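> Here it is, the structure, as structure tokens.
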Amino acid sequence: MNMLHLSDRNASLAPSGGEHSLPTGGAVCRDAMDILPVILRAPVALLLLLVVLPQLSVGAEANVTVKVLSATWNWYMPRKYVTAINAGFNASLKSRNWTVAGSVNVQVVYPSNLDLMPEDFIKKQLELETDQNKIVIVYGPLGDKSVMHSIPHLMNHRVVAFGLITGSTFIRQWNPYLYFLRADPAAETLVLIRYSLCQLRVLRLGFMYLQGVHYGDEEYALTVNVMSRMGYELHGVFTVMSPDGKPAPDAEFKEVFERFATALPQAIIVFGAPVDDTAKFLMMMAVDERIARSYILSPSSVQLSLIEMWQLALEAAGASFAPGQLLFTGTNPLAKDSQYTAIKRFQEVMSEYLKAHVGETNITEADYFLTHDLEGELMVYGWISGEVLSQALSNLEWLKDRATFVRSLYDQRRYVINDIVIGDYGGTCEGDAAKHGATCECNQGSKAVYVKEMLENGQKTSVRSGFTVLKASLCYTDSSELHGPLDGLVVFMKDDDIASKAAALWQKGTSHLVGKGDLGYSDRFFLHAFNTTIAEAANDLRRDQGERIVTAVFGPVTEAMLDTPNITFIDPLELKPRLNKFRRNVIHLSPTLEQQLYVLSSYLAGAGVGNVDAVICSNEADGIADFLRSSLTEFAVSLRSAVIREDGEDVGKYLPMSGTVFVIGLSVPDVKEIARKLEERNDLRVIVLFGEFSFLYDLFATALNNTAGAARLVFATSLPHWGDTETSSKTAQLFHDVEKDSRLWTPLSVLAFATGRLMRVILLHVEEMSPETLVNFFYTDSSIVSDDMRYGVFDDTKCVDTANKLSKNGCASNYGATQISVWSMARALNASIPPLTNPMTPSMTFRNSNAGRISGASLVGIIIGGALALFLVVALGVVPYFFLRNTVITICTKDDRPVTLIFTDIESSTALWAAHPEVMPDAVATHHRLIRTLISKYECYEVKTVGDSFMIASKSPFAAVQLAQELQLCFLHHDWGTNAIDESYQQFEQQRAEDDSDYTPPTARLDPKVYSRLWNGLRVRVGIHTGLCDIRRDEVTKGYDYYGRTSNMAARTESVANGGQVLMTHAAYMSLSAEERQQIDVTALGDVPLRGVPKPVEMYRLNAVPGRTFSVLRLELELLNDDEDQTTTSCSDHSSSRTDLSVAAQTIAASLQSLLGTFTPAQRQKALIPFCERWRVPLPQKVGNVWDDDGCQEVVRRVAAKVGRVMDFGTRKPSSSVTSWKGVEVSSQVEERLL
């Protein structure tokens, strides 16, 4: 890529006077000769002469004149705008004295008559050129028709048009003679949609365009497509047929307009060509009260005509201009946008030019471009065109002839003008250049689009939130880059300083994560300040919801706001402490009041505290006191007193002289009083809630900094330390990377940042976004991981209340904070001070406080008896057993934490049993032994086996991955004592290749030496998934089983893998830490459809044995298994009776029924289970634990159907390469289809 920088107007170019600013060739030679020994000077001089003479001959011919034909005008463009765009172009070249690269002279030819069409001017001038190698460039033209009519002339004379301006997408095609500098109309269309939905947040967006004028048709189709994909639709479309600008019939026009206005669009994207029907539309809009104040959003190509039309419409309607109602996209900054370095340089150059060329421009003010925004914007575009042209002419070798010059323009070119970037440009590529990053057949120019709003008196201002940059790696605009937005509100309550300050900190914390215009998934999260008062907050929110898109509310809220339907509240910070109520649309990420009290009670018990006091100021003081008492009682701590304090009462009079006191419900004056009491009373410990602590953090930090009392102010949090620069927390590291101001390292800022990171994680997984979509994600995924923060379990299931559930809502859970630890204020101020407790995720379950009360004597007896029993256990050697099982119990009994499940299965096991009945018993026994050794090594839990399939649980995702990887390596290096298994696998592949011409055997045709390094013995496929499970204890086996979506997903993952392959879901992969992910080698497989799973699942392949290759995933094979259950280790509700049995299957069924007819159901059950396990026949769920006659009959039919299919295939394939065993001929293809 040629990176041509122009940070100074004369960089690499000749300054005034025409002399090079760098040392001349003669000076360099003299300096070099001076340092050489005398004996070497003559040979070196001769060598230099031989090198320089050819260059001097080239230089003698190097004075080149490049002619530029200025075609930047059109019939609908007022003369002042033509002057502006040409003045900017001239200013760039004049700053170089019309000379580039020291010897390239630029000569600009202007039309003598602007009544002439640009295409005619171009044609006439090119026909006058007799030397077809002389470089001629066209500056312009403007407008789609002029460009289209000019193309034949440009191509005939091999001349390139620079800086042309078009309005429609259809003309932005690959043509090496059209050199676009601006972003294309499709990009501007996407930005108009983005701004409407993400910044204006309009609920109803309309679209206006005319048919028959070759403008707006493609942009309308693009808008409909993009809106639909995002889950939106247009509210009102105005379009009439205006062929070549002729007006549509009046009656038809009015009828269409009435339908359009009835839809009440709040904003209208107007692709109105500069013709009468566009002016008529605006006239009617200006007088229609329904839409007169709707936003008008238009692309840059029609802004000049549209502004004039709208002003005339307002005058006719007697209406005043509304600043901000008219919005336009633009492809370059305004002339007054001095935040850009390039614009600062433009301002200097432009001022100098205007001072010196008053006669040519009729502009007397040197800063005219600062006070006339429309003309100034065009001057900037002209100046950029001149800068690009100067760089394009900067090498004499490129100017040898027209063909060479055209090729040079597409030699992977990019133009950097300070902080404005134009390009990449590329021509026709060879071979796989495009795959390696080359830009091919691209003439499209800038990727930046700006949004500007019209103010009064023709002034404009840039809207920073509208600035958008499309992917530079893509030549043409990709509409899939625009995704449905998450429009969030942060509530500023102007009558509460503390709440407003908290909202400001919250917004600042997420400011680094909201959309910045880098189109893609990182540009989907948007936050808007919502100003209100405490009293009116709920009503104002409902009004805003009726007028604007509101996906979610973040930060401080009032209790009344939480009752607003159809809005999701993400981690709301209530102004007053309240107990959590299950509202499905309210998602708590921070510890709830209940969770905090539970964790703090546990801490107090561990600290040896026997009783505590509480001072509570809240409308729910009684309920809070009851919950605090229950939490303390759970941990054998007593609540000695609970005082209910009125709002405004002095907290100091309620604080005890010593001991521990919960202070719930804080106000600003309370901070100093608590700090004073802590300083005075060395034995006093004060516990506060995290939400209130975060609201008042600055006050607490000021009052307790460098005091002993800081160690005795206590709270609970799930956050990493906001001020720890040596932290291992990924969240905190990322926060510090983007927020350099340490004054903003506060609890609220890092809380907001963590929440923003979570929103980004969610947005990666959903295309459409709405309040319902957002809240459903939490309850569907249950547990969500973002960096090092884990949230969940979220559960909206309504369960039956049980005695040990304190929550009145049964199982429903809308809170998800995990890993909550207890801190002191001293730690908050100094990260090197450790937390008071290790992190814990509270179970939130309580024992019955009235049950089990015993007397002191009984308690002594129990203690003595327990001690004797423990002695006997130790003596009998049971302790080691329980020690070894400790990990198992930890894994199996906690269903509030994600678990990683591993499913394994031997590839083609049925076929192997049929082919090698003498080998497989020992092979399967070895298979079981090796896997169980690994289960023990990695402290996992063997849930169950069915035949040769294992289901394994692990509390550590990394341990699960290590187990799967070592499993493959163990099987590879094990001495199986026979080659029969490998030979069979190769035969299976060869047979399949014969039957399927599209199939390529991955191992059958490998060189034996290569094969031995990659494959050996049984091939086991493995699937890994992480998530929450319903864990149940089997009272018969005394083991644990895992149910739910996680086990099904893990089984489905295994079922699509090939033998020797390890697949892991995105959830499993992302459950690994960043450090753990670096230790494994994976290949991303993209989204994989799984049977029974609504959406494709992102999948990764663990490269356990480097060099192994596999067939495509077994997706079609799984689909053929529709009569089986969702897991290989569970029952099924599908019945074989739902399909007709083949003749072979009927024979088998009849034989089994005859053999088992005299058995009791229990005996038949015992006899049939081995057949089911060996043939992988899932059991119907309806049979239960004890089979009746109908259940036995159903199982017989299932076994018969499975074996019958194998026999039928064997009959059709008598030449199978697999040996016959006991009358059943098995082929690898049947095995693959069945298993």
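Going from the start of the chain as shown, residues are counted 1 onward.
Cβ coordinates come from backbone N, Cα and C, glycine included.
Summarising the annotation, Swiss-Prot assigns domain 'Guanylate cyclase' to 900-1054. If you look up Swiss-Prot, you'll see N63, N90, N97, N362, N531, N566, N705, N830 marked as N-linked glycosylation site, on the strength of sequence analysis. If you look up Swiss-Prot, you'll see 1-32, 880-1235 marked as topological domain 'Cytoplasmic'. Summarising the annotation, Swiss-Prot assigns topological domain 'Extracellular' to 54-858. The transmembrane segment annotation in Swiss-Prot covers 33-53, 859-879, and the record cites sequence analysis as its basis.
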> In whole Å, note down how far the CA of N90 (N-linked glycosylation site) lies from the CA of N830 (N-linked glycosylation site).
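Just about 61 Å between their Cα atoms.
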> Would you count the other CB atoms within 10 A of the CB of N830 (N-linked glycosylation site), including those on all shown protein chains?
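I count 14 other Cβ atoms within 10 Å of it.
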> Which of these glycosylation sites is closest to N63 (N-linked glycosylation site) if you go by CA atoms: N90, N97, N531?
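With Cα distances computed to N63 (N-linked glycosylation site), the winner among N90, N97, N531 is N97.
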> So how many other Cβ atoms are close to N566 (N-linked glycosylation site), meaning within 10 Å of its Cβ?
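For N566 (N-linked glycosylation site), the 10 Å Cβ neighbour count is 11.
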> Out of the glycosylation sites N97, N362, N531, N566, N705, give me the one sitting nearest to N90 (N-linked glycosylation site) by CA distance.
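If we rank N97, N362, N531, N566, N705 by Cα distance to N90 (N-linked glycosylation site), first place goes to N97.
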> Please report the Cα separation of N97 (N-linked glycosylation site) and N362 (N-linked glycosylation site) in Å, rounded to an integer.
21
> Where does N362 (N-linked glycosylation site) sit in the DSSP three-state scheme?
coil
> Show which residues of the chain containing N362 (N-linked glycosylation site), separated from it by at least 6 in sequence, have their CB under 8 Å from its CB.
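In sequence order, the residues whose Cβ lies under 8 Å from that of N362 (N-linked glycosylation site) (at least 6 apart) are T83.
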> Near N531 (N-linked glycosylation site), which residues of its own chain have a C-beta under 8 A away, given they sit six or more steps off in sequence?
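Looking at Cβ-Cβ distances below 8 Å from N531 (N-linked glycosylation site), excluding near sequence neighbours, one finds F492, K494.
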> Would you mind reading off the Cα separation of N566 (N-linked glycosylation site) from N705 (N-linked glycosylation site), to the nearest angstrom?
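With distance taken Cα to Cα, N705 (N-linked glycosylation site) is 44 Å from N566 (N-linked glycosylation site).
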> Test of understanding: give the count of other CB atoms lying within 10 angstroms of the CB of N63 (N-linked glycosylation site).
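Summing over all protein chains shown, N63 (N-linked glycosylation site) has 11 other Cβ atoms within 10 Å.
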> Using a 10 Å radius around each Cβ and counting other Cβ atoms from all shown chains, which of the glycosylation sites N97, N705 yields the largest count?
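Of the glycosylation sites N97, N705, the highest Cβ count within 10 Å belongs to N97.
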> Where does N90 (N-linked glycosylation site) sit in DSSP terms: helix, strand, or coil?
helix
> Within 10 Å of the Cβ of N90 (N-linked glycosylation site), how many other Cβ atoms are there?
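Taking every protein chain into account, the count is 22.
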> I want to verify one value. Collapsing DSSP to three states, which class is N531 (N-linked glycosylation site)?
strand
> Does DSSP put N63 (N-linked glycosylation site) in a helix, in a strand, or in coil?
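Looking at the DSSP assignment, N63 (N-linked glycosylation site) belongs to neither helix nor strand, so coil.
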> Need the DSSP three-state call for N97 (N-linked glycosylation site) to compare against my parser.
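DSSP assigns N97 (N-linked glycosylation site) to coil.
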> What kind of secondary structure is N830 (N-linked glycosylation site) part of, going by DSSP in three states?
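SS state of N830 (N-linked glycosylation site) = coil.
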